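Student: So Swiss-Prot says this about it:
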ACT_SITE  461  active site
BINDING   239, 240, 241, 242, 243, 244, 245, 246  ATP binding site
BINDING   460, 464, 538  Zn(2+) binding site
TOPO_DOM  1-45  topological domain 'Cytoplasmic'
TOPO_DOM  67-147  topological domain 'Lumenal'
TOPO_DOM  169-656  topological domain 'Cytoplasmic'
TRANSMEM  46-66  transmembrane segment
TRANSMEM  148-168  transmembrane segment
């Protein structure tokens with residue numbers, strides 16, 4: 001599998017507001033606010049009333065508590081005397097009530113016992129009872145039994161009260177949530193403390209300068225109003241994922257020192273009709289109350305897509321939300337003092353009314369960083385990491401074209417994890433190399449065992465690297481490896497020496513030729529019947545490149561023509577499928593030109609490999625033994641094997 005460069009694709013909180021209803025009454029010419037009684041207070045009042053109603057029933061139904069007969073009593077000292085005089089027949093001790101029931105000798109059988117109030121310590125009484133052989137024992141009082149009965153009754157009542165409170169609370173929460181659906185879920189910070197400053201943002205200097213000016217607008221508006229300048233109402237950050245759009249918004253919030261609202265585009269629309277528009281109104285109402293302020297809407301394409309028919313009829317609620325957003329941003333009333341910052345990676349799907357000046361006055365492109373930007377980003381993210389002095393950040397920046405800021409941060413983090421796993425004290429170039437491979441191609445797999453399959457893969461990968469090295473218009477080879485990563489059994493890496501914004505026809509043909517060289521090497525060594533499915537991904541890539549050369553870039557015998565329209569988004573009311581603005585005859589010619597380009601490049605790769613069969617075998621033996629050949633060593637071996645005949649052939653191929 002040949003890897004040329006990173007491909008970058010464009011992909012595409014919440015606090016409930018609370019409302020307290022009030023009743024306004026006129027009192028001596030002044031307005032007095034009377035809070036409506038809360039449902040929770042009503043619930044507790046009802047529970048208390050129910051308990052008070054039940055208590056008389058519980059206590060009234062207990063005859064022991066309702067009736068208390070007056071009984072004869074003795075003092076504690078008198079009881080001791082009667083025990084000494086052997087006048088006591090039996091004593092019942094009630095430790096709970098701290099009383100003793102005394103039965104005297106000669107007392108009538110139906111006479112009630114005499115009650116005596118006990119002390120906390122009754123050891124003397126018990127010793128005297130034992131000495132005089134008086135019968136005594138412990139009993140439980142009627143009051144203790146009544147307490148047990150009360151607890152049993154409460155065991156039935158408390159669950160009922162708790163259940164009633166639960167139902168009341170749920171009904172209260174349901175009504176409260178229903179009233180709060182229309183409230184904005186934007187997170188509000190009076191002075192946002194994000195921990196991010198403009199010094200923490202690197203690699204996107206142009207975008208940073210634009211947004212620093214917005215902060216200056218907020219802090220020193222007189223500098224601009226003095227010359228008649230108007231504060232921009234909106235700034236749209238556009239760029240692929242991972243380039244730092246949200247990081248820039250955090251930096252603005254940390255630098256501006258003004259109230260800051262942040263919300264995601266998906267937090268506007270809910271399941272209920274009208275909620276989205278209501279939340280937009282509530283958001284801008286709060287913003288006007290705190291002006292001057294900033295509003296950050298992340299992923300605005302979730303609510304700002306183009307209005308149109310699309311497929312189905314379920315997009316009307318989103319359109320209402322967008323219409324309300326357009327009105328609030330630049331409608332009849334205006335929103336002086338509010339600056340809106342939005343971020344998206346799908347600017348092509350946004351409604352044109354949203355993008356016009358007066359709503360989003362500026363569109364700031366936040367693209368993947370160049371070499372200088374990548375170096376600055378690596379310097380920022382390496383501040384808190386232990387990096388070996390031998391590691392060159394500039395070399396890392398050169399070998400990572402197409403990497404975004406998020407990719408570079410992840411790269412250094414993976415290198416730090418590998419360093420800790422290997423129990424090293426600092427990150428070395430070995431961990432950096434492994435981290436790059438892991439980020440681009442995936443996890444490292446189990447090494448291949450020595451077999452025919454391993455040697456076949458070695459021929460395939462050496463074919464890519466050898467042809468790419470022989471063609472002068474091709475990017476230099478960086479590494480050829482047999483270590484499996486992700487879905488690939490082997491990998492060949494090519495890294496450009498410089499940033500390439502434009503690609504020539506000869507460069508495209510060189511890439512097609514080297515990509516086909518893997519299949520060509522298999523056919524030369526093992527024969528056409530033994531070619532494998534390993535070149536399937538390579539064939540898809542070269543077919544796509546060749547077709548684009550013919551239909552999009554005008555690099556074929558058909559002339560400088562663009563023959564295919566871009567596919568539209570069906571859910572935006574655009575084309576259902578690609579439109580072909582040419583006849584069947586032209587379509588046949590397109591197919592013929594695509595086949596001609598691919599076949600020509602395939603024959604070129606076969607000729608180069610056959611001419612350099614000796615060096616190919618040498619490289620395959622070395623790769624099978626070491627499993628990885630670095631780019632410098634690979635190019636050195638190829639240059640040592642060059643001869644005048646090969647050089648003459650290469651000059652002819654490169655001139656085609």
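Start at 1 and count along the chain as shown; that gives each residue its number.
Cβ coordinates come from backbone N, Cα and C, glycine included.
Please go over these features one by one and say how buried each is and what sits next to it.
Tutor: Just so you know, the Cβ of residue 461 (active site) picks up 29 other Cβ atoms within 10 Å once every protein chain is counted.
Secondary structure from DSSP puts residue 239 (ATP binding site) in coil. Residue 239 (ATP binding site) has a Cβ environment of 23 other Cβ atoms inside 10 Å.
DSSP assigns residue 538 (Zn(2+) binding site) to a helix in the three-state reduction. Residue 538 (Zn(2+) binding site) counts 20 other C-beta atoms within 10 Å of its own C-beta, drawing on all protein chains shown.
In the predicted model, the topological domain 'Lumenal' (67-147) has a mean pLDDT of 75.
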Student: Determine, from DSSP, whether residue 244 (ATP binding site) sits in helix, strand or coil.
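Tutor: Looking at the DSSP assignment, residue 244 (ATP binding site) belongs to neither helix nor strand, so coil.
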Student: Restricting the comparison to the recorded positions 460, 461, 538, which residue's C-alpha is spatially nearest the C-alpha of residue 243 (ATP binding site)?
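Tutor: Result for residue 243 (ATP binding site): the nearest of the recorded positions is 538.
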Student: Can you tell which of 243, 246 has the most other C-beta atoms within 10 Å, given these are the binding-site residues?
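Tutor: When each Cβ's neighbours within 10 Å are tallied, 243 tops the list.
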Student: Compared by Cα position, which of the recorded positions 460, 461, 464, 538 is the closest one to residue 240 (ATP binding site)?
Tutor: 538
Student: What's the CA to CA span in angstrom from residue 246 (ATP binding site) over to residue 460 (Zn(2+) binding site)?
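Tutor: It is 43 Å, counting Cα to Cα.
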Student: Would you please pick out, from the binding-site residues 240, 241, 242, 244, the one with the fewest other Cβ atoms within 10 Å of its Cβ?
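Tutor: Output over binding-site residues 240, 241, 242, 244: least Cβ neighbours within 10 Å is 241.
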